[in-house]
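Among the features that TrEMBL reports, domain 'Major facilitator superfamily (MFS) profile' is placed at 63-486. Annotation comment: TrEMBL describes 20-42, 136-158, 164-185, 197-215, 227-247, 297-318, 338-356, 368-386, 392-416, 428-450, 462-481 as transmembrane segment.
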Amino acid sequence: MDKEKVSEDDVGIKARSVLWYLTFIGFAMNYMIRININIAIVDMISPEFKSKAVTSSECFSTNITMSKNESLMFDHSARFVSFEKRILDYFGVEYERDGFKWDAKTQAEVLAAFFTLHFATQLPGGILAQKFGTKLIFGFSNFFGCITCMLVPIAAYYSFYALFWLRLVQGFVAGAAWPAMSHLVGRWIPPNERSKFVTAYIGSSIGVSICYPIFGFIIQNSSWENVFHFCGIVGTIWYVLWQYFVYDSPESHPRIHEKEKLYILQSLGSSVVRGEKPKYRTPWKAILTSIPMWMNIVAQWGGVWGLFTLIAQAPTYFRFVHGWGIEMTGVLSGFPHLLRVIFSLIVSTFSDYLLSTNKMSRTNVRKMASFICLILNGFFVIGLAFSGCDVFIAVLLLTISLMLHGSVSSGALASVVDISPNFAGVSLGINSTFSTFSGFISPMIVGYLTSGRQHNVEPWKYVFLICATMQITCGIIYILFSDSTLQPWNKPIEEEQKAENVMEIKTKKLDKNFNEKFNRHDEERLTR
(Lines of atoms letter the chains of each structure in order from A and count residues from 1; the text may use other names and numbers.)
(Lines give C-alpha, C1' and ligand atoms only; values in the text may rest on other atoms or scores of the structure.)
Protein backbone atom coordinates (compact mmCIF):
# COMPACT_ATOMS: atom_id res chain seq x y z
CA MET A 1 0.00 0.00 0.00
CA ASP A 2 2.76 2.45 0.94
CA LYS A 3 4.84 1.70 -2.16
CA GLU A 4 2.05 1.59 -4.73
CA LYS A 5 0.23 4.88 -5.27
CA VAL A 6 -3.55 4.58 -5.03
CA SER A 7 -5.42 5.86 -8.11
CA GLU A 8 -8.85 7.51 -7.88
CA ASP A 9 -9.47 8.08 -11.59
CA ASP A 10 -12.80 6.21 -11.66
CA VAL A 11 -14.16 7.53 -8.36
CA GLY A 12 -16.72 9.89 -9.96
CA ILE A 13 -17.87 12.81 -7.81
CA LYS A 14 -15.36 13.01 -4.97
CA ALA A 15 -16.41 13.62 -1.39
CA ARG A 16 -13.81 16.36 -1.01
CA SER A 17 -15.15 18.10 -4.15
CA VAL A 18 -18.58 18.27 -2.50
CA LEU A 19 -16.82 19.47 0.64
CA TRP A 20 -15.17 22.30 -1.35
CA TYR A 21 -18.49 23.55 -2.76
CA LEU A 22 -20.26 23.46 0.60
CA THR A 23 -17.29 25.17 2.28
CA PHE A 24 -17.25 27.83 -0.45
CA ILE A 25 -20.96 28.51 0.04
CA GLY A 26 -20.48 28.37 3.81
CA PHE A 27 -17.97 31.21 3.71
CA ALA A 28 -20.33 33.14 1.43
CA MET A 29 -22.99 32.64 4.13
CA ASN A 30 -20.55 33.84 6.77
CA TYR A 31 -20.02 37.12 4.92
CA MET A 32 -23.68 37.43 3.97
CA ILE A 33 -24.47 37.57 7.70
CA ARG A 34 -22.11 40.45 8.31
CA ILE A 35 -22.84 42.65 5.27
CA ASN A 36 -26.64 42.35 4.97
CA ILE A 37 -27.29 45.30 7.26
CA ASN A 38 -24.81 47.48 5.32
CA ILE A 39 -27.27 47.84 2.44
CA ALA A 40 -30.49 47.30 4.39
CA ILE A 41 -29.75 50.28 6.63
CA VAL A 42 -30.14 52.58 3.61
CA ASP A 43 -33.85 51.74 3.60
CA MET A 44 -34.19 51.34 7.37
CA ILE A 45 -33.42 54.98 8.15
CA SER A 46 -36.04 57.73 8.14
CA PRO A 47 -35.71 60.10 5.11
CA GLU A 48 -35.05 63.07 7.36
CA PHE A 49 -31.86 61.41 8.61
CA LYS A 50 -30.53 60.92 5.08
CA SER A 51 -27.93 63.65 4.72
CA LYS A 52 -28.04 65.84 1.65
CA ALA A 53 -25.29 68.38 1.26
CA VAL A 54 -23.47 70.44 -1.30
CA THR A 55 -19.90 69.25 -1.29
CA SER A 56 -16.81 69.90 -3.32
CA SER A 57 -13.38 68.35 -3.63
CA GLU A 58 -10.31 68.91 -5.73
CA CYS A 59 -11.77 66.44 -8.25
CA PHE A 60 -15.42 67.53 -8.54
CA SER A 61 -18.03 69.96 -7.33
CA THR A 62 -21.65 68.82 -7.22
CA ASN A 63 -24.69 68.19 -5.07
CA ILE A 64 -24.78 64.82 -3.32
CA THR A 65 -28.49 64.12 -3.22
CA MET A 66 -30.66 61.07 -3.42
CA SER A 67 -31.23 59.77 -6.91
CA LYS A 68 -34.71 58.96 -8.17
CA ASN A 69 -34.24 55.30 -7.33
CA GLU A 70 -32.90 56.12 -3.88
CA SER A 71 -35.83 58.38 -3.07
CA LEU A 72 -38.23 55.67 -4.20
CA MET A 73 -36.59 53.35 -1.72
CA PHE A 74 -37.75 55.62 1.06
CA ASP A 75 -41.37 55.70 -0.08
CA HIS A 76 -42.48 53.19 2.56
CA SER A 77 -46.17 53.74 2.03
CA ALA A 78 -46.05 52.75 -1.64
CA ARG A 79 -44.44 49.36 -1.22
CA PHE A 80 -44.79 45.93 0.27
CA VAL A 81 -45.86 45.75 3.93
CA SER A 82 -43.56 43.37 5.78
CA PHE A 83 -44.59 40.45 7.97
CA GLU A 84 -43.26 42.24 11.07
CA LYS A 85 -45.31 45.37 10.37
CA ARG A 86 -48.45 43.30 9.88
CA ILE A 87 -47.87 41.56 13.23
CA LEU A 88 -47.19 44.83 15.05
CA ASP A 89 -50.22 46.47 13.45
CA TYR A 90 -52.41 43.49 14.35
CA PHE A 91 -51.47 43.73 18.03
CA GLY A 92 -51.59 47.52 18.05
CA VAL A 93 -47.92 47.96 18.95
CA GLU A 94 -46.41 51.39 18.31
CA TYR A 95 -43.24 51.49 16.22
CA GLU A 96 -41.32 53.82 13.90
CA ARG A 97 -43.41 53.16 10.82
CA ASP A 98 -41.59 55.50 8.41
CA GLY A 99 -38.02 54.54 9.27
CA PHE A 100 -35.73 54.68 12.27
CA LYS A 101 -34.56 58.05 13.52
CA TRP A 102 -30.92 57.09 13.89
CA ASP A 103 -28.25 59.76 13.55
CA ALA A 104 -24.84 59.05 11.97
CA LYS A 105 -23.33 57.92 15.30
CA THR A 106 -26.15 55.46 15.96
CA GLN A 107 -25.94 54.09 12.43
CA ALA A 108 -22.18 53.54 12.88
CA GLU A 109 -22.84 51.65 16.12
CA VAL A 110 -25.35 49.38 14.37
CA LEU A 111 -22.85 48.59 11.62
CA ALA A 112 -19.99 48.03 14.08
CA ALA A 113 -21.94 45.82 16.51
CA PHE A 114 -21.22 42.60 14.60
CA PHE A 115 -17.45 43.11 14.88
CA THR A 116 -17.32 44.19 18.53
CA LEU A 117 -16.64 40.66 19.86
CA HIS A 118 -15.94 38.94 16.55
CA PHE A 119 -12.26 38.51 17.48
CA ALA A 120 -13.04 36.82 20.81
CA THR A 121 -14.09 33.46 19.29
CA GLN A 122 -11.24 33.09 16.78
CA LEU A 123 -9.03 30.98 19.04
CA PRO A 124 -11.91 29.16 20.82
CA GLY A 125 -13.26 28.23 17.37
CA GLY A 126 -10.09 26.32 16.56
CA ILE A 127 -9.97 24.63 19.97
CA LEU A 128 -13.64 23.60 19.80
CA ALA A 129 -13.19 22.21 16.27
CA GLN A 130 -10.27 20.14 17.49
CA LYS A 131 -12.42 18.76 20.31
CA PHE A 132 -15.87 18.45 18.73
CA GLY A 133 -15.17 18.54 14.99
CA THR A 134 -15.51 21.17 12.26
CA LYS A 135 -18.86 19.82 11.09
CA LEU A 136 -20.47 20.96 14.33
CA ILE A 137 -18.59 24.23 14.93
CA PHE A 138 -18.47 25.64 11.37
CA GLY A 139 -22.02 24.47 10.67
CA PHE A 140 -23.48 25.86 13.89
CA SER A 141 -21.60 29.19 13.65
CA ASN A 142 -23.04 29.92 10.21
CA PHE A 143 -26.49 28.48 10.87
CA PHE A 144 -26.88 30.45 14.10
CA GLY A 145 -25.92 33.66 12.32
CA CYS A 146 -28.33 33.02 9.44
CA ILE A 147 -31.32 31.90 11.49
CA THR A 148 -30.99 34.82 13.92
CA CYS A 149 -31.01 37.20 10.94
CA MET A 150 -34.74 36.57 10.83
CA LEU A 151 -34.98 38.21 14.27
CA VAL A 152 -33.21 41.40 13.18
CA PRO A 153 -36.35 43.26 11.93
CA ILE A 154 -38.41 42.64 15.05
CA ALA A 155 -35.40 43.46 17.26
CA ALA A 156 -34.92 46.75 15.39
CA TYR A 157 -38.59 47.68 15.83
CA TYR A 158 -38.38 46.81 19.53
CA SER A 159 -35.35 49.01 20.26
CA PHE A 160 -31.93 50.01 19.04
CA TYR A 161 -30.32 48.19 21.97
CA ALA A 162 -32.08 44.93 21.15
CA LEU A 163 -30.71 45.15 17.61
CA PHE A 164 -27.23 46.08 18.82
CA TRP A 165 -27.00 43.10 21.19
CA LEU A 166 -28.43 40.70 18.63
CA ARG A 167 -25.80 41.75 16.08
CA LEU A 168 -23.09 41.54 18.73
CA VAL A 169 -24.05 37.94 19.57
CA GLN A 170 -24.21 37.07 15.86
CA GLY A 171 -20.66 38.34 15.36
CA PHE A 172 -19.43 36.54 18.47
CA VAL A 173 -20.76 33.15 17.34
CA ALA A 174 -19.85 33.60 13.65
CA GLY A 175 -16.23 34.31 14.61
CA ALA A 176 -15.63 30.61 15.33
CA ALA A 177 -16.20 29.56 11.71
CA TRP A 178 -12.92 30.54 10.06
CA PRO A 179 -10.44 28.78 12.39
CA ALA A 180 -12.73 25.75 12.66
CA MET A 181 -12.43 25.08 8.92
CA SER A 182 -8.63 24.80 8.95
CA HIS A 183 -8.92 21.81 11.27
CA LEU A 184 -11.05 20.01 8.66
CA VAL A 185 -8.63 20.89 5.85
CA GLY A 186 -5.82 19.25 7.79
CA ARG A 187 -7.77 16.00 8.12
CA TRP A 188 -9.25 15.84 4.60
CA ILE A 189 -7.03 17.49 2.01
CA PRO A 190 -3.78 15.99 0.64
CA PRO A 191 -0.80 18.40 0.94
CA ASN A 192 -0.52 18.99 -2.82
CA GLU A 193 -4.21 20.01 -3.07
CA ARG A 194 -4.37 22.48 -0.18
CA SER A 195 -3.73 25.63 -2.24
CA LYS A 196 -6.75 24.94 -4.42
CA PHE A 197 -9.01 23.80 -1.58
CA VAL A 198 -8.25 26.88 0.52
CA THR A 199 -9.70 28.98 -2.33
CA ALA A 200 -13.03 27.92 -0.81
CA TYR A 201 -12.28 30.53 1.88
CA ILE A 202 -12.55 33.16 -0.87
CA GLY A 203 -16.24 32.26 -1.03
CA SER A 204 -16.47 35.27 1.27
CA SER A 205 -15.77 37.47 -1.77
CA ILE A 206 -18.65 35.89 -3.68
CA GLY A 207 -20.77 36.54 -0.62
CA VAL A 208 -19.99 40.24 -1.06
CA SER A 209 -20.20 40.49 -4.85
CA ILE A 210 -23.45 38.53 -5.26
CA CYS A 211 -25.36 39.46 -2.13
CA TYR A 212 -25.22 43.24 -2.61
CA PRO A 213 -27.18 43.23 -5.90
CA ILE A 214 -29.54 40.52 -4.60
CA PHE A 215 -30.27 42.53 -1.47
CA GLY A 216 -30.77 45.67 -3.55
CA PHE A 217 -33.29 43.82 -5.74
CA ILE A 218 -35.15 42.52 -2.67
CA ILE A 219 -35.36 46.00 -1.12
CA GLN A 220 -36.44 47.58 -4.37
CA ASN A 221 -39.26 45.08 -4.90
CA SER A 222 -40.43 44.36 -1.35
CA SER A 223 -38.89 45.63 1.91
CA TRP A 224 -35.63 45.71 3.84
CA GLU A 225 -37.02 43.15 6.29
CA ASN A 226 -37.01 40.50 3.56
CA VAL A 227 -33.23 40.82 3.21
CA PHE A 228 -32.91 39.20 6.62
CA HIS A 229 -35.60 36.61 5.87
CA PHE A 230 -33.68 35.68 2.71
CA CYS A 231 -30.51 35.12 4.77
CA GLY A 232 -32.36 32.87 7.19
CA ILE A 233 -33.93 30.73 4.45
CA VAL A 234 -30.75 30.35 2.37
CA GLY A 235 -28.69 29.62 5.49
CA THR A 236 -31.10 26.91 6.59
CA ILE A 237 -30.97 25.17 3.18
CA TRP A 238 -27.14 25.27 3.28
CA TYR A 239 -27.09 23.88 6.83
CA VAL A 240 -29.27 20.87 5.88
CA LEU A 241 -26.90 20.05 2.99
CA TRP A 242 -23.88 20.56 5.25
CA GLN A 243 -25.23 18.14 7.83
CA TYR A 244 -25.97 15.46 5.24
CA PHE A 245 -22.84 15.62 3.07
CA VAL A 246 -20.03 16.69 5.41
CA TYR A 247 -18.10 14.53 7.89
CA ASP A 248 -15.08 15.33 10.04
CA SER A 249 -12.80 12.70 8.51
CA PRO A 250 -12.68 10.36 5.49
CA GLU A 251 -12.96 7.37 7.82
CA SER A 252 -16.28 8.56 9.26
CA HIS A 253 -17.88 9.36 5.88
CA PRO A 254 -20.43 6.61 5.09
CA ARG A 255 -20.65 7.33 1.34
CA ILE A 256 -17.06 8.07 0.34
CA HIS A 257 -15.55 5.85 -2.36
CA GLU A 258 -13.01 3.42 -0.91
CA LYS A 259 -10.35 4.49 -3.42
CA GLU A 260 -10.74 8.15 -2.50
CA LYS A 261 -10.48 7.34 1.19
CA LEU A 262 -7.32 5.28 0.65
CA TYR A 263 -5.83 8.01 -1.54
CA ILE A 264 -6.42 10.68 1.14
CA LEU A 265 -5.06 8.52 3.95
CA GLN A 266 -2.00 7.58 1.92
CA SER A 267 -1.33 11.21 0.92
CA LEU A 268 -1.62 12.50 4.48
CA GLY A 269 0.37 9.61 5.91
CA SER A 270 1.46 10.04 9.51
CA SER A 271 1.18 13.85 9.46
CA VAL A 272 -2.38 13.61 10.83
CA VAL A 273 -3.43 11.76 13.96
CA ARG A 274 -6.27 9.51 12.85
CA GLY A 275 -9.36 8.44 14.74
CA GLU A 276 -12.90 9.74 15.09
CA LYS A 277 -12.03 12.10 17.95
CA PRO A 278 -8.35 11.66 18.78
CA LYS A 279 -7.31 12.82 22.23
CA TYR A 280 -4.07 14.75 22.45
CA ARG A 281 -2.77 17.76 24.25
CA THR A 282 -2.23 21.06 22.47
CA PRO A 283 1.49 22.00 22.66
CA TRP A 284 0.81 25.65 23.50
CA LYS A 285 4.41 26.54 24.32
CA ALA A 286 5.73 25.06 21.08
CA ILE A 287 3.03 26.78 19.02
CA LEU A 288 3.49 30.20 20.62
CA THR A 289 7.28 30.06 20.27
CA SER A 290 7.21 28.78 16.68
CA ILE A 291 8.77 31.19 14.15
CA PRO A 292 6.78 29.72 11.19
CA MET A 293 3.61 30.29 13.20
CA TRP A 294 4.46 33.96 13.81
CA MET A 295 5.45 34.49 10.20
CA ASN A 296 1.96 33.39 9.15
CA ILE A 297 0.55 35.89 11.64
CA VAL A 298 2.72 38.66 10.16
CA ALA A 299 1.57 37.82 6.62
CA GLN A 300 -2.09 37.76 7.64
CA TRP A 301 -1.73 41.04 9.52
CA GLY A 302 -0.50 42.80 6.39
CA GLY A 303 -3.02 41.07 4.14
CA VAL A 304 -6.04 41.81 6.35
CA TRP A 305 -4.89 45.43 6.83
CA GLY A 306 -4.83 45.92 3.07
CA LEU A 307 -8.05 44.05 2.38
CA PHE A 308 -10.10 45.71 5.12
CA THR A 309 -8.80 49.18 4.21
CA LEU A 310 -9.72 48.82 0.55
CA ILE A 311 -13.03 47.01 1.07
CA ALA A 312 -14.29 49.34 3.79
CA GLN A 313 -12.90 52.66 2.59
CA ALA A 314 -12.90 52.51 -1.22
CA PRO A 315 -16.66 53.20 -1.60
CA THR A 316 -16.32 56.27 0.66
CA TYR A 317 -13.22 57.40 -1.24
CA PHE A 318 -14.89 57.19 -4.65
CA ARG A 319 -18.12 58.70 -3.39
CA PHE A 320 -16.58 61.78 -1.79
CA VAL A 321 -13.36 62.32 -3.75
CA HIS A 322 -14.57 61.35 -7.23
CA GLY A 323 -18.29 62.05 -6.78
CA TRP A 324 -19.62 58.62 -7.68
CA GLY A 325 -23.24 57.71 -6.97
CA ILE A 326 -24.40 54.70 -4.98
CA GLU A 327 -25.01 52.67 -8.15
CA MET A 328 -21.39 52.91 -9.30
CA THR A 329 -19.93 52.36 -5.84
CA GLY A 330 -22.11 49.25 -5.60
CA VAL A 331 -20.58 47.91 -8.81
CA LEU A 332 -17.15 48.76 -7.44
CA SER A 333 -17.95 46.81 -4.28
CA GLY A 334 -18.74 43.65 -6.21
CA PHE A 335 -16.68 43.31 -9.39
CA PRO A 336 -13.15 43.25 -7.84
CA HIS A 337 -14.25 40.47 -5.49
CA LEU A 338 -15.30 38.34 -8.42
CA LEU A 339 -11.87 38.85 -9.98
CA ARG A 340 -10.31 37.99 -6.61
CA VAL A 341 -11.97 34.56 -6.69
CA ILE A 342 -10.92 33.88 -10.29
CA PHE A 343 -7.33 34.93 -9.61
CA SER A 344 -7.27 32.81 -6.46
CA LEU A 345 -8.25 29.73 -8.47
CA ILE A 346 -5.58 30.44 -11.10
CA VAL A 347 -2.77 30.92 -8.57
CA SER A 348 -3.83 27.92 -6.48
CA THR A 349 -3.96 25.63 -9.53
CA PHE A 350 -0.48 26.76 -10.55
CA SER A 351 0.81 26.37 -6.96
CA ASP A 352 -0.52 22.82 -6.66
CA TYR A 353 1.05 22.01 -10.04
CA LEU A 354 4.45 23.21 -8.78
CA LEU A 355 4.06 21.09 -5.63
CA SER A 356 2.79 17.91 -7.33
CA THR A 357 5.62 17.99 -9.90
CA ASN A 358 8.27 18.90 -7.29
CA LYS A 359 9.30 21.97 -9.32
CA MET A 360 9.33 24.15 -6.21
CA SER A 361 9.45 23.47 -2.48
CA ARG A 362 6.36 24.02 -0.36
CA THR A 363 8.00 26.91 1.50
CA ASN A 364 8.95 28.69 -1.73
CA VAL A 365 5.47 28.23 -3.20
CA ARG A 366 3.97 29.91 -0.12
CA LYS A 367 6.55 32.71 -0.37
CA MET A 368 5.76 33.22 -4.05
CA ALA A 369 2.03 33.54 -3.35
CA SER A 370 2.68 35.90 -0.43
CA PHE A 371 4.93 38.06 -2.62
CA ILE A 372 1.97 38.54 -4.98
CA CYS A 373 -0.55 39.04 -2.17
CA LEU A 374 1.53 41.53 -0.17
CA ILE A 375 4.53 43.08 -1.94
CA LEU A 376 3.26 43.26 -5.53
CA ASN A 377 -0.14 44.27 -4.20
CA GLY A 378 1.47 47.03 -2.13
CA PHE A 379 3.05 48.65 -5.19
CA PHE A 380 -0.36 48.93 -6.86
CA VAL A 381 -1.73 50.56 -3.69
CA ILE A 382 1.14 53.07 -3.86
CA GLY A 383 0.01 53.83 -7.39
CA LEU A 384 -3.54 54.33 -6.06
CA ALA A 385 -2.19 56.80 -3.49
CA PHE A 386 -0.70 58.96 -6.25
CA SER A 387 -3.56 58.55 -8.76
CA GLY A 388 -4.95 61.96 -7.78
CA CYS A 389 -8.14 62.88 -9.67
CA ASP A 390 -7.66 60.31 -12.44
CA VAL A 391 -10.65 58.13 -11.64
CA PHE A 392 -9.92 55.57 -14.39
CA ILE A 393 -6.42 54.88 -13.05
CA ALA A 394 -7.76 54.77 -9.48
CA VAL A 395 -10.41 52.19 -10.33
CA LEU A 396 -7.95 50.10 -12.33
CA LEU A 397 -5.34 50.06 -9.55
CA LEU A 398 -7.92 49.29 -6.85
CA THR A 399 -9.35 46.40 -8.89
CA ILE A 400 -5.91 44.91 -9.54
CA SER A 401 -4.97 45.28 -5.88
CA LEU A 402 -8.06 43.44 -4.62
CA MET A 403 -7.60 40.79 -7.31
CA LEU A 404 -3.98 40.14 -6.28
CA HIS A 405 -5.07 39.53 -2.69
CA GLY A 406 -6.72 36.31 -3.93
CA SER A 407 -3.30 34.62 -3.89
CA VAL A 408 -3.55 34.51 -0.07
CA SER A 409 -5.21 31.09 -0.43
CA SER A 410 -1.90 29.71 -1.74
CA GLY A 411 0.19 31.66 0.76
CA ALA A 412 -0.15 32.12 4.50
CA LEU A 413 -3.64 30.58 4.72
CA ALA A 414 -2.40 27.31 3.23
CA SER A 415 0.82 27.47 5.25
CA VAL A 416 -1.20 27.37 8.48
CA VAL A 417 -2.26 23.82 7.54
CA ASP A 418 1.15 22.90 6.09
CA ILE A 419 3.08 23.46 9.30
CA SER A 420 0.65 21.50 11.47
CA PRO A 421 -2.43 19.69 10.13
CA ASN A 422 -3.27 18.42 13.62
CA PHE A 423 -3.40 21.91 15.13
CA ALA A 424 -4.41 23.96 12.08
CA GLY A 425 -7.63 25.12 13.77
CA VAL A 426 -5.81 26.36 16.85
CA SER A 427 -3.08 27.96 14.72
CA LEU A 428 -5.55 29.85 12.53
CA GLY A 429 -7.48 30.85 15.65
CA ILE A 430 -4.37 32.53 17.07
CA ASN A 431 -3.60 33.96 13.64
CA SER A 432 -7.09 35.40 13.15
CA THR A 433 -7.19 36.88 16.66
CA PHE A 434 -4.19 39.06 15.82
CA SER A 435 -5.15 39.86 12.22
CA THR A 436 -8.68 40.86 13.24
CA PHE A 437 -7.17 43.65 15.34
CA SER A 438 -5.56 45.08 12.22
CA GLY A 439 -9.09 45.31 10.83
CA PHE A 440 -10.01 47.47 13.85
CA ILE A 441 -6.91 49.69 13.88
CA SER A 442 -6.98 50.50 10.17
CA PRO A 443 -10.44 52.23 10.22
CA MET A 444 -9.39 54.23 13.30
CA ILE A 445 -6.36 55.59 11.44
CA VAL A 446 -8.49 56.31 8.37
CA GLY A 447 -11.03 58.15 10.54
CA TYR A 448 -8.27 60.24 12.13
CA LEU A 449 -6.63 61.18 8.82
CA THR A 450 -9.84 61.97 6.91
CA SER A 451 -11.89 63.56 9.70
CA GLY A 452 -13.48 66.66 8.18
CA ARG A 453 -11.42 66.18 5.02
CA GLN A 454 -13.11 63.24 3.30
CA HIS A 455 -13.39 65.23 0.07
CA ASN A 456 -9.68 66.03 -0.16
CA VAL A 457 -7.16 63.92 -2.07
CA GLU A 458 -4.24 64.52 0.32
CA PRO A 459 -5.46 62.59 3.42
CA TRP A 460 -6.50 59.64 1.26
CA LYS A 461 -2.99 59.55 -0.22
CA TYR A 462 -1.60 58.94 3.28
CA VAL A 463 -4.29 56.31 3.98
CA PHE A 464 -3.17 54.29 0.96
CA LEU A 465 0.57 54.86 1.61
CA ILE A 466 0.22 53.52 5.16
CA CYS A 467 -1.70 50.55 3.78
CA ALA A 468 1.00 49.83 1.16
CA THR A 469 3.79 50.19 3.74
CA MET A 470 2.10 47.67 6.00
CA GLN A 471 1.63 45.20 3.13
CA ILE A 472 5.17 45.47 1.75
CA THR A 473 6.85 45.36 5.18
CA CYS A 474 4.92 42.27 6.25
CA GLY A 475 5.63 40.65 2.88
CA ILE A 476 9.39 41.19 3.16
CA ILE A 477 9.48 39.79 6.71
CA TYR A 478 7.48 36.74 5.62
CA ILE A 479 9.70 35.99 2.63
CA LEU A 480 12.88 36.30 4.73
CA PHE A 481 11.87 34.15 7.70
CA SER A 482 8.89 31.92 6.85
CA ASP A 483 8.98 28.12 6.74
CA SER A 484 6.06 25.98 5.54
CA THR A 485 7.50 22.54 6.31
CA LEU A 486 5.80 20.21 8.78
CA GLN A 487 6.78 21.29 12.29
CA PRO A 488 7.96 18.88 15.04
CA TRP A 489 5.20 20.01 17.40
CA ASN A 490 2.58 18.66 14.97
CA LYS A 491 2.97 15.22 16.61
CA PRO A 492 2.69 15.77 20.35
CA ILE A 493 0.91 12.45 20.80
CA GLU A 494 4.08 10.59 19.85
CA GLU A 495 6.03 12.44 22.50
CA GLU A 496 3.37 11.61 25.06
CA GLN A 497 3.46 8.00 23.96
CA LYS A 498 7.24 7.94 24.34
CA ALA A 499 6.89 9.37 27.83
CA GLU A 500 4.31 6.70 28.65
CA ASN A 501 6.64 4.01 27.30
CA VAL A 502 9.53 5.34 29.38
CA MET A 503 7.31 5.38 32.45
CA GLU A 504 6.17 1.84 31.70
CA ILE A 505 9.80 0.65 31.40
CA LYS A 506 10.70 2.36 34.66
CA THR A 507 7.69 0.80 36.39
CA LYS A 508 8.61 -2.67 35.13
CA LYS A 509 12.18 -2.16 36.28
CA LEU A 510 11.02 -1.12 39.75
CA ASP A 511 8.69 -4.11 39.89
CA LYS A 512 11.53 -6.41 38.87
CA ASN A 513 13.85 -4.97 41.56
CA PHE A 514 11.10 -5.27 44.14
CA ASN A 515 10.40 -8.89 43.21
CA GLU A 516 14.13 -9.75 43.33
CA LYS A 517 14.45 -8.19 46.78
CA PHE A 518 11.26 -9.90 47.96
CA ASN A 519 12.51 -13.31 46.69
CA ARG A 520 15.94 -12.84 48.34
CA HIS A 521 14.22 -11.94 51.58
CA ASP A 522 12.08 -15.09 51.30
CA GLU A 523 15.13 -17.28 50.66
CA GLU A 524 17.01 -15.80 53.64
CA ARG A 525 13.99 -16.36 55.89
CA LEU A 526 13.66 -20.00 54.80
CA THR A 527 17.40 -20.60 55.28
CA ARG A 528 17.18 -19.32 58.82
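Any Cβ shown, glycine's included, is placed from N, Cα and C.
Packing against the transmembrane segment (164-185) from elsewhere in the chain are residues 19, 23, 26-27, 30, 33-34, 37, 109-110, 113-126, 128-130, 134-135, 137-138, 140-142, 144-145, 148-149, 151-152, 155, 194, 197-198, 201, 248, 416-417, 421, 424-429, 431-432: each is 6 or more residues past its ends and has a CB under 8 Å from a CB in it.
Highlighted: of the candidate stretches 136-158, 197-215, 297-318, 428-450, 297-318 has the greatest count of Cβ pairs under 8 Å to the transmembrane segment (392-416). Residues 208, 324, 328-329, 332-333, 370, 373-374, 377-378, 381, 391, 394-395, 398, 401-402, 405, 408, 411-413, 415, 430-432, 434-436, 438-439, 441-443, 446, 454, 460, 463-464, 467-468, 470-475, 477-478, 482 of the same chain lie 6+ residues outside the transmembrane segment (297-318) yet bring a C-beta within less than 8 angstroms of a C-beta in it.
By the count of Cβ pairs under 8 Å, the stretch nearest in packing to the transmembrane segment (197-215) among 20-42, 136-158, 428-450 is 20-42.
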